[in-house]
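S.K.: Feature table excerpt (Swiss-Prot):
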type: CARBOHYD; residues: ASN133; note: N-linked glycosylation site
type: CARBOHYD; residues: ASN146; note: N-linked glycosylation site
type: CARBOHYD; residues: ASN177; note: N-linked glycosylation site
type: CARBOHYD; residues: ASN220; note: N-linked glycosylation site
type: CARBOHYD; residues: ASN241; note: N-linked glycosylation site
type: CARBOHYD; residues: ASN247; note: N-linked glycosylation site
type: CARBOHYD; residues: ASN312; note: N-linked glycosylation site
type: CARBOHYD; residues: ASN332; note: N-linked glycosylation site
type: CARBOHYD; residues: ASN443; note: N-linked glycosylation site
type: REGION; residues: 354-374; note: region 'Fusion peptide'
type: TOPO_DOM; residues: 16-478; note: topological domain 'Extracellular'
type: TOPO_DOM; residues: 500-538; note: topological domain 'Cytoplasmic'
Amino acid sequence: MGLLLLVLILTPSLAAYRHPDFPLLEKAQQLLQSTGSPYSTNCWLCTSSSTETPGTAYPASPREWTSIEAELHISYRWDPNLKGLMRPANSLLSMVKQDFPDIRQKPPIFGPIFTNINLMGIAPICVMAKRKNGTNVGTLPSTVCNVTFTVDSNQQTYQTYTHNQFRHQPRFPKPPNITFPQGTLLDKSSRFCQGRPSSCSTRNFWFRPADYNQCLQISNLSSTAEWVLLDQTRNSLFWENKTKGANQSQTPCVQVLAGMTIATSYLGISAVSEFFGTSLTPLFHFHISTCLKTQGAFYICGQSIHQCLPSNWTGTCTIGYVTPDIFIAPGNLSLPIPIYGNSQLPRVRRAIHFIPLLAGLGILAGTGTGIAGITKASLTYSQLSKEIANNIDTMAKALTTMQEQIDSLAAVVLQNRRGLDMLTAAQGGICLALDEKCCFWVNQSGKVQDNIRQLLNQASSLRERATQGWLNWEGTWKWFSWVLPLTGPLVSLLLLLLFGPCLLNLITQFVSSRLQAIKLQTNLSAGRHPRNIQESPF
């Protein structure tokens, strides 16, 4: 298959190797140990350097859809026709923002994190959004989805936003709703969903509507003892164990399904009010995007992997985990494989059978049909996927700081081009002359350099270890070039020390026996009897 190895580790005991520069390999090593795998010791652990297939995606189980937490990111813009109403509109805006649960002002990371990722197995749940002018994030084929929910927007349907601060209550669009294939939901209902989620408090009607509906069982994802339930009012999923009481695991404040449906809305939330004028007056528009708060979980959309879905997204997505392509080979195999593409070494012609890490752990790719519990495979995917998320966060932090540095520099350059302080001293300086806010240089180059230096040090350490370590085959051959001439004398001396005393004893006995025989033969020739020879003083 022409596998090119990026990192190669060989040790008599893999459990003895621990290094912070290899978090993914460390995690793989720990998983092999915890599962009692026969490959937990004395094996080669390899990662692929192929950029075409950086890893493999695995879908989350139905129960994980009810436990993985999402978060919302909000931005807004005022209506261009809004005049003379900024003060009351600002008051309304602050109240509405407080009523949204778990809102994050930190800019999310948009765009695919990985591409050309293949999904292994069948996703239990997929969410499809169809927007004419939406941002396409990728589309999963229907053949890999067990149940597909389609999101419909209600941008033209309004309802009252109840708040005690207003005499005439503002009106907002209704939240988006979802449709599902015929036969997906059974008539069986449960009151298990009522009163949930309870991990946060909010007055926002999109999350805590006044009219609670009973949840309906999703037949394709449920078993006799474990039900996966859908609350169509709040667009939320719940997992109920029928053998236990009602007091079970707490539901996240913002569920994955709720966050995905909200982010599909065109312009998020459009606020209109009656009490500012005689007719409905547009005030401001919300843009809401969603991200997965649970570390290690990603949105899988087609062959693209996302950490966040933008506002007004379109496509077909599921959630799951991403694992790197890590392979195992038994330690008794000779693998003279060049590291980092060293072309000076001879190429190995024979094929080597590599074992995927998950196969070494005794895990097979599961499907999304009828599995409500969290499986051993899901936990493994989650642990490996968390290490990838940590690496992404490190790179994102460095890039974000660099962007802040560029923004700060751009502000100073634009300001300096408008004038010089010495030319506008009579007017109080350039800021007063231009009637603008004063911009100052915010030097964050130290943070940028520290973040980049950390990444470069990790890469440099790995590269140095690959080129100077004892596993470097080129260096090994140079080492043998001066050791080989000394091998012959050293081996000869060792053999002489081991077998020399034995050989000397044998030679002494042989010489002594030959001398006795010669002496006996001489006496017989002289006519003496052996007895006389023995009694003779001579």
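Including glycine, each Cβ sits where the backbone N, Cα and C put it.
Could you tell me the structural context for the features on the list?
M.R.: In the three-state DSSP scheme, ASN133 (N-linked glycosylation site) falls into the coil class.
DSSP classifies ASN146 (N-linked glycosylation site) as strand under the three-state reduction.
According to its DSSP assignment, ASN177 (N-linked glycosylation site) is in a strand. When other Cβ atoms within 10 Å of the Cβ of ASN177 (N-linked glycosylation site) are tallied across all protein chains shown, the result is 16.
DSSP classifies ASN220 (N-linked glycosylation site) as helix under the three-state reduction.
DSSP assigns ASN241 (N-linked glycosylation site) to a strand in the three-state reduction. In the structure as shown, the Cβ atom of ASN241 (N-linked glycosylation site) sits within 10 Å of 15 other Cβ atoms.
Its Cβ placed at the centre, ASN312 (N-linked glycosylation site) has 20 other Cβ atoms within 10 Å. Following the DSSP three-state reduction, the secondary structure of ASN312 (N-linked glycosylation site) is coil.
Mean pLDDT, taken over the topological domain 'Extracellular' (16-478), works out to 67 on the 0 to 100 scale.
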S.K.: Restricting to the glycosylation sites ASN146, ASN177, ASN220, ASN312, which ones have a CA within 10 Å of the CA of ASN133 (N-linked glycosylation site)?
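M.R.: Of everything listed, what lies within 10 Å of ASN133 (N-linked glycosylation site) (Cα to Cα) is ASN312.
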S.K.: For ASN133 (N-linked glycosylation site), what is the tally of other C-beta atoms lying within 10 angstroms of its C-beta?
M.R.: 7
S.K.: Where the distance is taken from Cα to Cα, which of the glycosylation sites ASN177, ASN220, ASN241, ASN312 turns out closest to ASN146 (N-linked glycosylation site)?
M.R.: ASN220
S.K.: Counting across all protein chains present, how many other Cβ atoms fall within 10 Å of the Cβ of ASN146 (N-linked glycosylation site)?
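M.R.: Around the Cβ of ASN146 (N-linked glycosylation site), 21 other Cβ atoms lie within 10 Å.
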S.K.: List only the single closest residue to ASN312 (N-linked glycosylation site), chosen from the glycosylation sites ASN177, ASN220, ASN241 by CA-CA distance.
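M.R.: Given the candidates ASN177, ASN220, ASN241, the nearest one is ASN177.
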S.K.: If you draw a 10 Å sphere on the Cβ of ASN220 (N-linked glycosylation site), how many other Cβ atoms land inside?
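M.R.: By my count, 20.
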S.K.: Expressed to the nearest Å, what is the distance separating ASN241 (N-linked glycosylation site) and ASN220 (N-linked glycosylation site) at their Cα atoms?
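M.R.: Distance between the two Cα atoms comes out at 16 Å.
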